[in-house]
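Comments concern the structure below.
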């Protein structure tokens with residue numbers, strides 16, 4: 001499916017809910033799908049002129065979702081609804097989502113109808129609200145994790161149907177500022193055409209221990225550790241080929257030495273530790289003052305700078321054309337490095353020092369869920385293929401020359417999400433089928449209430465002795481014999 005692009009700030013994809021199509025912000029940094037309702041009239045909703053609204057209020061449990069960091073936080077509040085959801089030609093029945101009645105999120109005031117979160121179930125507020133409604137307060141994670149099949153995020157549920165070639169999706173962004181180019185794309189279950197798995201650098205997703213803000217292991221899988229975000233380790237950061245010193249800012253109650261990056265397509269910029277960001281901006285700009293809250297890191301437009309992240313032993317650069325933006329109309333001489341800002345230090349539930357936003361996704365980035373209930377069987381991972389051309393420096397300088405001949409203006413365009421294409425796509429409807437052992441466990445838990453842990457001990461024992469060859473394969477796939 002192609003992507004919409006609003007000035008390289010908001011990338012969107014069409015999603016059908018029932019018989020209506022909505023343009024939604026593509027966000028790997030959150031886990032929930034939500035759209036504004038026809039009851040949402042204040043805040044950001046009051047500025048919406050073109051986006052579609054969900055035609056009714058939902059009757060499900062209340063819902064509150066938060067976005068951003070301590071300086072850019074927004075929220076979206078409403079209730080949980082259910083409908084058939086379709087994306088990129090794949091439909092899934094009875095998908096839960098947020099029907100938002102109040103929000104200050106800028107995606108709405110920018111003309112989109114909401115967000116499609118592509119993150120892990122652990123961070124889903126929709127799944128949490130439905131679990132509490134069905135089972136009461138979450139004292140253990142058993143019921144929450146098993147509810148993923150019915151109540152989890154849309155792409156996670158699609159991945160659990162086993163109808164995709166692989167439980168994954170990939171993104172590639174286009175560029176609509178400085179120098180227009182590329183082809184925005186979202187793929188489900190496969191890499192983009194022409195991209196080989198062997199070309200990708202694959203790295204594991206960081207898992208969150210309970211002490212780090214992650215999920216506690218369930219009683220039926222006591223040794224599992226679960227992913228919370230699409231987050232990967234980074235080896236080092238380089239500016240123009242020179243390694244940048246690591247941050248010395250202490251983390252808040254978590255490991256300060258491990259450096260990881262949050263892979264967040266919903267973030268329009270690159271965020272990093274304040275001391276490292278100050279170091280980089282001071283080097284590229286003679287006007288930058290880290291002590292001035294109204295900072296402006298000015299630099300010559302035609303002097304390229306390459307910020308690179310070493311991941312899995314390989315350098316992945318940010319294209320110099322994505323490092324800068326135009327400072328003022330009619331001026332193609334002086335630009336600003338405003339695509340790099342500081343963010344909060346690591347803390348429980350947010351272990352990362354870096355957040356790699358939109359400028360990074362002109363590369364091909366693949367997100368592989370692995371096994372969502374038993375990640376030790378098939379761990380989640382991210383694959384990256386750099387598509388930054390070797391002559392990116394010359395392309396930036398050519399773009400500056402072209403802008404100077406165009407009244408000093410760089411292009412700044414908007415690609416609308418291909419909503420009409422979404423409607424005309426042939427649909428394949430997929431359904432989630434819970435593996436028999438997990439379904440039996442879920443049924444047992446529902447009938448036994450708080451006694452499920454004791455019952456599971458004997459339940460698992462019985463299955464080891466009364467089993468068919470087919471079930472042995474099923475159990476082996478989910479690694480039950482290790483418990």
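Just so you know, the numbers here start at 1 and follow the chain as drawn.
Note that Cβ sites are derived from N, Cα and C of the backbone, with glycine treated the same way.
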### Message
Which range is it, out of 52-72, 73-93, 94-114, that shows up in TrEMBL as region 'Disordered'?
### Response
52-72
### Query
So of all those recorded positions, 40, 45, 264, which one's Cα sits nearest to residue 27 (active site)?
264
### Message
At a 10 A cut-off on CB-CB distances, which of the disulfide-bonded residues 40, 45 has the highest count?
### Response
40
### Task
Can you grab the distance from residue 264 (active site) over to residue 45 (disulfide bond)? Cα atoms, rounded to a whole Å.
24
### Query
So for residue 264 (active site), how many other CB atoms are inside 10 Å of its CB?
26
